[in-house]
Structure formats: C-alpha cells, structure tokens
C-alpha cells in the first residue's frame, strides 16, 4: 500500500504525539489484543499475561520501538523491518492474521489516548501505515 505525502505527514505527526509513551501504548495494545482475541495468547505461553506484567510491558516496548523505527524509515519499510520479518516468519511462525489484530488494537489505543487528534484523515493514514508494516512483516511467509 502506497503512503501519500499527506499520509506520511499524518503518521509522523501522530507518532510525535506518542512521544515517550510508545512502549506503554504497545503494552496496552497487546493487552487489548489478548483480551479481545484470546487465540493470540498461544504465541506467549511463557509470558505472564496479566495486566501490567513486566513481560507484556517489555514486549510492548519492542512493539513501540519497532513502530518508531518504521515511522523513521517509511520510505524503506522492507529494509527497516527485514530482521523483524525474518524473526516472525522463520523462528516465531506467527500467523499473519495476528498483525492485523494487533494493528487494530494499536489504532484503538491511539484513539483512546489522543481523541482530539484522531481525525478521520489521521485514522486512515495510520491504518494504511500499519497495513504497510503488516504487509512487510508477512512478506517472508511466501
């Protein structure tokens, strides 16, 4: 999915507002995903999935950091996310549908924390961006 210049501007502006909360938002999105889509828990049998657990917070930070890297490299998502794509495809073998589920939970989390900034245009841009990230992450599955 091609991001327009307006989409890139919207994504960067939204991510700037996330600021130092990327890890917290990542953890919150993971918690939402585990509660809303319980089958996603199967990839984390060794985690304490309770609210506020250190393991969920730690993985949330990884999610937030990866998205921050993707925002910084929007013009080369395949290059920026290649190692992460390899990890999820070859080692972790995550079902590709889970990226869509997490993307949805991230959108909900961002909308909850920044309701005034979450306009239809920003929502659409973030959705396109997260779909692009998901596409790159599943590209090694073929």
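Please read every residue number as a count from 1 along the shown chain.
Placed from the backbone N, Cα and C atoms, the Cβ positions cover glycine too.
What Swiss-Prot says about this protein:
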{"type": "BINDING", "residues": "59", "note": "O2 binding site"}
{"type": "BINDING", "residues": "88", "note": "heme b binding site"}
{"type": "DOMAIN", "residues": "2-142", "note": "domain 'Globin'"}
{"type": "MOD_RES", "residues": "4", "note": "phosphoserine"}
{"type": "MOD_RES", "residues": "9", "note": "phosphothreonine"}
{"type": "MOD_RES", "residues": "12", "note": "N6-succinyllysine"}
{"type": "MOD_RES", "residues": "17", "note": "N6-acetyllysine"}
{"type": "MOD_RES", "residues": "25", "note": "phosphotyrosine"}
{"type": "MOD_RES", "residues": "36", "note": "phosphoserine"}
{"type": "MOD_RES", "residues": "50", "note": "phosphoserine"}
{"type": "MOD_RES", "residues": "109", "note": "phosphothreonine"}
{"type": "MOD_RES", "residues": "125", "note": "phosphoserine"}
{"type": "MOD_RES", "residues": "132", "note": "phosphoserine"}
{"type": "MOD_RES", "residues": "135", "note": "phosphothreonine"}
{"type": "MOD_RES", "residues": "139", "note": "phosphoserine"}
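Long-range C-beta contacts of residue 125 (phosphoserine), restricted to its own chain and to partners at least six residues apart, with a cutoff below 8 Å, comprise 3, 6, 7, 8, 10, 11, 14. Within the set of recorded positions (12, 88), the lowest number of other Cβ atoms found within 10 Å of a Cβ is recorded at 12. Ranked by Cβ neighbours within 10 A across all protein chains shown, the modified residues 4, 36, 109, 135 are led by 109. Following the DSSP three-state reduction, the secondary structure of residue 4 (phosphoserine) is coil.
For residue 139 (phosphoserine), the nearest of the recorded positions 12, 88, 109 in terms of C-alpha separation is 88.
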